């Protein structure tokens, strides 16, 4: 009955912008006259606050970008490396993304470069792919255009320009978090504390240290900008120009975010659920929430068209939810208020939305052909214990650290930086306040148009309620998958910093405690300044020396074996050669040499996943003839065996590549509770090094060092004893 008791909010007409803009100065003038302040004085004060806040936000972002650049240089000695040694620092999928950026710069024209990427047959053997669509290469397209259009060829090397853009985006990321916390708390002190917590907990807030070109490092800064704009847009009593600016920024950042990351629509789905719950409890203006739904719909349609008719967007849960929400809202609006059906729709609103959304999503998947992300659904089934599998790919994914539950070390790090305790405190206070507001709405009490500090009702602010719901949903995901912490922890920093710096939050707490000895408003104002100051000084004392040590300490990253391998390939291998090996190594070979490979470290395509599983068989207990047939089916000419995988001694038995292959191939025997690998053939990667028949009949060793063994795959099989 929440909806039926809140018709006044849902049906309230939107206040005219011009009227609100006229009323606001009059109210402020009356308040200023009571305090003995002139309007001119107040205008100067507001301008100074805005100026210094913006200066602090921009400075924080710039300093963080410089910090990342300096740390990267100290870690890899980037400026003193040759081009090949620099490129080796890009590992796995990062190598693939950067290799396409290189290809775009080498193309005779931008148009020709884009055509070659959309009709690419030189990356994966026997496969023509649209790399722009399949690998979401819009960041590389933008970076290459900027590099050539800005005339940077004579000023800066391509690799520095590329990583410089990514570090700059991380600076924007931090600035957006700063602004969000500032908008929520009213003080830029909260923004400074957000940035401090973000940098101190960098291990858990970003993957920039390990994978610079990854899609999330390009996309999440835009999502942070969208969240900052949405926070301002949801605020009550926002003047017309500020509301329009926030609306336009939400539009632009939502669309850009969707173009930068293939999984962006899943994160927007979580956000849409947060807004849906906010609307259900009648804690925000329905018109604003549905404007955001229209932005989602527009972004999905435009994204579908510009991403070469990407069917994954049509079958996404975001589209189904948005259509269901808009359909349910139109039903409510078309019914007369007093009719029984209209009242029933209000009561059953949530059920109606969920039913329509699930039904629509099922129908779309039935009629729209799609292959993307099917493996994701299978993974979720196995992860939740709804199914079991011996499939190599599924078990390999389950063994990845990012897809495990978070470790105790993660919570320990957040606690040591004081982030987790303050986040829990702020979350509990906000949750109790929101629960009180919902209870009042059920009892028919209307929301206040403007919540004052002395009211102690922080749960009535829609932007606060949205962030509480959003962090709870993201936190639930982070508790299941450690990789989701990179989405959750930055907003934990922001919410915790907002809470300790917000007088309203402290006032809400004091209202419950019914303080009488000290004036609660005065104490709230003092604590909102004193607590973050104390936290800031303690963080400075404990963590600043560590950060400075990171920047001054020279680290050594050198991989001579990989450098030698790449040098040999460029000098000795034929230009038309196709290499086979682990997907991670194939990404580096593609980047450093440009040679065609048989597989890639990408996990959003079923065919590539099957290729990866088949080629990983070189580390299984199968015959030389089986491996030869697999490799020749992909037209491979050279095979690279990595000693680190063949002789892997992993911390978790059963999660090594060779263990997973033995399980998938049925080469595991259980005796007295222990598992043993058994096959009539030895492990291929070991046996091939012995140089005896039949292995030498199919493969000829042409190069080796401490880490890699390269074999030419014989086109004519010589049977020798």
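Note: Cβ is positioned from N, Cα and C throughout, glycine not excepted.
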Where TrEMBL places transmembrane segment among the ranges 6-27, 28-49, 50-71: 50-71
TrEMBL annotation (transmembrane segment) - matching range among 163-181, 182-200, 201-219: 182-200
Correct range for transmembrane segment (source TrEMBL, candidates 243-263, 348-368, 369-389): 348-368
Of the residue ranges 296-327, 552-583, 584-615, the one that TrEMBL records as transmembrane segment: 296-327
Long-range Cβ neighbours of the transmembrane segment (50-71) (under 8 Å; 6 or more residues past either end): 163-164, 167-168, 170-175, 178-179, 182, 188, 191-192, 195, 198-199, 208-209, 547, 550-551
Paired segments the transmembrane segment (182-200) and the transmembrane segment (487-509) in contact, 3+ CB pairs under 8 A: yes
Residues of the parent chain within Cβ reach of the transmembrane segment (348-368), under 8 Å, 6 or more residues beyond its termini: 3, 276, 280, 311, 314-315, 317, 319-321, 323-325, 327-328, 331-332
Residue numbers, six or more beyond the limits of the transmembrane segment (420-443), whose CB comes under 8 Å of its CB atoms: 1-2, 5-6, 281-283, 411, 414, 457-460, 464-465, 468, 471-472, 492, 495-496, 498-500, 505, 508-509, 512, 535
Intrachain neighbours beyond the transmembrane segment (266-284), with Cβ under 8 angstroms and 6 or more residues off its ends: 2-3, 6, 9-10, 223, 227, 230, 234, 254, 257-258, 290, 292-293, 296, 299, 316-318, 321-322, 325, 349-350, 353, 434, 437-438, 441, 447, 460, 462, 465-466, 469-470, 473-474, 477, 487
